[in-house]
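*Asks:* Attaching a single structure in structure tokens format; questions to follow.
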């Protein structure tokens with residue numbers, strides 16, 4: 001009797017946990033959407049598209065394709081359309097409450113590994129996104145990148161947003177700390193001057209996946225440069241993942257100022273101009289060199305630069 005009650009309680013707990021994960025899966029696509037997607041209706045992805053996903057065998061797993069402006073959405077695994085022909089293809093199923101933008105499995109298995117594609121269509125176009133899912137036997141020793149930050153272009157006075165994310169899995173030991181933080185690189189060295197209010201840590205799937213948004217609301221010239229996202233498990237450098245991206249000035253630098261501020265480019269331009277001038281000098285010298293020809297005891301001087309219209313001969 002006690003064993004039956006224990007089994008029932010365990011099943012109920014798993015069901016409740018599964019329901020919690022499903023609720024989080026619903027909210028995933030509605031949180032942290034691109035500001036540029038607000039107030040627009042054309043077909044588009046509404047947040048960063050994760051290209052790699054990981055799961056531990058037997059744990060909950062969800063894949064997302066957050067978008068708007070489409071008439072239909074289709075999921076495929078290794079080229080086979082959903083619904084799958086059998087569970088040997090995949091155990092992931094659609095979650096209708098998330099507008100079919102999410103597929104999930106309460107217990108992922110090795111058969112779920114593969115390349116998943118979501119295809120969005122409207123009346124005239126289609127766009128697609130691919131996600132590679134790998135199912136692990138146990139949690140990794142080092143963080144595994146799921147989304148690598150991308151270079152961003154911004155104007156002074158504009159805004160910019162970076163995102164990074166990694167799979168860390170379940171940690172059975174409570175004293176293992178997992179952290180994620182952004183750094184602004186200065187001359188190749190980390191410069192930890194980024195305010196915490198510019199960074200927002202996000203977690204999903206029972207904190208097995210951790211990410212961070214870095215938001216710069218008003219870009220100044222000091223913001224340009226490289227940014228480093230560091231994910232650490234414990235205090236060991238061997239359990240660390242580093243990813244970086246660059247914030248680039250979208251406005252072109254004025255040519256004149258850029259040349260004089262860059263001595264290497266200035267020297268290169270001077271060398272090229274000198275070389276061109278030297279070749280022009282040689283060509284003109286050859287072009288205007290006089291040619292002497294003899295005609296029956298007389299000499300005639302011709303210049304190549306003038307057309308041959310007459311000959312001025314001096315007879316002795």
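Using the three backbone atoms N, Cα and C, a Cβ is placed for every residue, glycine included.
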*Asks:* Give the range, chosen from 243-263, 264-284, that TrEMBL lists as transmembrane segment.
*Replies:* 264-284
*Asks:* May I have the DSSP-based helix, strand and coil counts for the residues of the domain 'Ig-like' (143-244)?
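*Replies:* Grouping H, G, I as helix and E, B as strand yields 9 helix, 55 strand, 38 coil.
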*Asks:* Do you know the DSSP helix, strand and coil residue counts for the domain 'Ig-like' (35-134)?
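*Replies:* Helix/strand/coil tally for the domain 'Ig-like' (35-134): 9 helix, 44 strand, 47 coil.
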